[in-house]
Amino acid sequence: MSGLEIMVLTLLLLVSMATSHQDGGEKQATQRDAINVRRRSITRTEACYEYCKEQNKTCCGISNGRPICVGGCIR
């Protein structure tokens, strides 16, 4: 193999490694966001239960400091 062929192969290898590393980072960020949404969505307090009970609904969590009251929660 000539020096040029080795350089081209090395460059291709580096590009493929960099691309796969970026894809992995995006997947990690997506998983982290999904976990954060899950944690926020299950935040419930006694005040939320009481508030929703007055409306004959179920407390499904708190968003922006306000209770989320619906007929039934979807998990």
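Placed from the backbone N, Cα and C atoms, the Cβ positions cover glycine too.
Partner cysteine of Cys69, as given in Swiss-Prot, is Cys52 (from among Cys48, Cys52, disulfide bond). Distance noted between the C-alpha atoms of Cys59 (disulfide bond) and Cys69 (disulfide bond) is 5 Å. Of all the disulfide-bonded residues listed here (Cys59, Cys69), the one with the fewest other CB atoms within 10 A of its own CB is Cys69.
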